[in-house]
Amino acid sequence: MAKEDNQNRTELAALGEFGLIDRIAEKFSTFKHQETALGIGDDAALMDCGDFYQVVSTDMLVEMIHFDLSYMPLQHLGFKAVAVNISDIAAMNAIPKQITVSIALSNRFSVEALDAFYDGVHKACEVFGVDLVGGDTTASNHGLVISITAIGTVDKDKVVKRSGAKSGDIVCATGDLGAAYIGLQVLVREKQEFQANPQMQPKLEGYDYVVGRQLKPMARMDVIHELGKVGVVPTAMMDISDGLASELLHICRHSKVGVNIFEDKLPIDEVAYENAVEFQLDPVTAAMNGGEDYELLFTIKQDDYEKIKNLPDIHTIGYIQAEEKGKNLVTKQGNVYPLQAQGFTHM
Ligand code: ADP
Ligand code: MG
């Protein structure tokens, strides 16, 4: 590696993850191939195949950053690693078809452990109807690293990007939000208590729902199929991996619009709400900034509202407005707070 000139050293933290991606994207913004229809910046890239686009997305999971094997069973990890990639394909309104799975692992793992991981991968392939067609296997000094690429297809007139939201559109979110983050806090507490007292049995009763949301996320392909059946193509869409606030800001930035979201419309599961309060977490902050829900966030034309209003598990949470009107959360009391990607404190 070349020696770094300390005078010209910029810390990665100064750019942040999104600044870093923008910096990479700038270097590779012109394409050599006509088929390359969309590159860095959305949930997946698009390749022009005539009548349809091929959709490609990749995600990496790193032990002790994205998962902790002391509370993440390997079978669940295998399923989750696939599901989070399928979620990005769903976010383009596309149908997933193939995956590749690459792993780096140390001799700490047994054949049985690897089998358990691939049982989870296999289950996900069945559930989401995808074929595993390749990957790579390599050694790692520290921990397990998993990189999955998912490939799908979407008709050209059905593709949904982050950039299509228009003023007046209705903002929808699927399922419920915040529970995966609350589940993580439950698991972290259990781990701490176990480390302090290894005789202790885990106390997870009453927390099944939130723990399940953390360990077994479900990419919402069911919603993509439902929207297809009623003939609604959202104007913009992405999946909720980093928290609702962060994803709303992405849609607003790409679509050059503002948004108003209503606190009393946020879909928060009742049990998750109670669990959060018990853990002294604000359920609204968990929903806005928690992350890992892998639900879908999308916008639709007002004219399409009638078609979706009776679909299960789709909630209208706000509306798109002109950019200069801002990107806000309107509280139950009617106070207006600008959305923040991280660190929004509700209390
Ligand atoms: P998501 O959360 O939907 O998986 P990310 O925030 O990981 O999306 O990535 C946003 C966009 O940046 C995607 O288009 C992704 O392909 C791209 N991206 C992320 N990291 C890199 C990288 N190191 N090089 C090139 N593109 C990247
Ligand atoms: Mg995504």
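These residue numbers are counts, starting from 1, taken along the chain as shown.
Cβ from N, Cα, C; glycine included.
Owing to the predicted nature of the structure, the values given are computational and were not obtained by experimental measurement.
According to TrEMBL, the feature domain 'PurM-like N-terminal' maps to 41-154. The annotation Mg(2+) 3 binding site is assigned in TrEMBL to ASP43, ASP88, ASP239. Look at TrEMBL and you will find ASP43, SER57, ASP88 tagged as Mg(2+) 4 binding site. Annotated Mg(2+) 1 binding site per TrEMBL: THR58, ASP59, ASP136, in sequence order. Sequence annotations record features per position, and here TrEMBL assigns Mg(2+) 2 binding site to ASP59, ASP88. Summarising the annotation, TrEMBL assigns substrate binding site to HIS66, GLU292, PHE344. What TrEMBL lists as ATP binding site is TYR118, GLY135, ASP136, ARG162, SER241. TrEMBL lists 166-310 with the feature domain 'PurM-like C-terminal'. Here TrEMBL flags ASP242 as Mg(2+) 5 binding site.
TrEMBL feature annotations superimposed on the structure.
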residue	record	Cβ neighbours (10 Å)
ASP43	Mg(2+) 3 binding site	22
THR58	Mg(2+) 1 binding site	16
ASP59	Mg(2+) 1 binding site	17
HIS66	substrate binding site	18
ASP88	Mg(2+) 3 binding site	25
TYR118	ATP binding site	17
ASP136	Mg(2+) 1 binding site	10
ARG162	ATP binding site	22
SER241	ATP binding site	20
GLU292	substrate binding site	20
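Across the range of the domain 'PurM-like C-terminal' (166-310), the DSSP-based residue counts are 73 helix, 21 strand, 51 coil. For the Mg(2+) 1 site, the Cβ centre of THR58, ASP59, ASP136 serves as reference, and the other residues of the chain with Cβ at most 8 Å from it are MET60, ASN85, THR100, VAL101, SER102, ILE146, SER147, ILE148, THR149. Other Cβ atoms within 10 Å of the Cβ of SER57 (Mg(2+) 4 binding site) number 26 in total over all chains. Residues belonging to the domain 'PurM-like N-terminal' (41-154) score a mean pLDDT of 97 in the model. Proximity to the residue listed as 'Mg(2+) 5 binding site', defined by a C-alpha to C-alpha distance within 10 angstroms, is shown by the following binding-site residues from ASP59, ASP88, GLU292: GLU292. Around the Cβ of GLY135 (ATP binding site), the same chain contributes THR100, VAL101, SER102, ILE103, each under 8 angstroms and 6 or more positions distant in sequence.
Look at the Cβ of each of the binding-site residues ASP239, ASP242 and count the other Cβ atoms within 10 Å; the largest number goes with ASP239.
Secondary structure at THR58 (Mg(2+) 1 binding site), taken from DSSP and collapsed to helix, strand or coil, is strand. Rounded to a whole value, the Cα-Cα separation of ASP239 (Mg(2+) 3 binding site) and SER57 (Mg(2+) 4 binding site) is 12 Å. Take the mean position of the Cβ atoms of ASP43, ASP88, ASP239, the recorded Mg(2+) 3 site; other residues of that chain with a Cβ within 8 Å of it are ALA44, SER57, SER87, ILE89, ALA90, ALA91, MET92, MET238, SER241.
Only ASP43, ASP88, ASP239, SER241 of the binding-site residues listed as ASP43, ASP88, TYR118, GLY135, ASP239, SER241 bring a Cβ under 6 Å of any atom of ligand 2; the order follows the sequence. In this structure, the binding-site residues that sit close to ligand 1, with a C-beta under 6 angstroms from any of its atoms, are ASP43, chosen from ASP43, HIS66, TYR118. Assigned with DSSP, the residues of the domain 'PurM-like N-terminal' (41-154) fall into helix, strand and coil as follows: 35 helix, 48 strand, 31 coil. The two recorded residues, SER57 (Mg(2+) 4 binding site) and SER241 (ATP binding site), have Cα atoms 14 Å apart.
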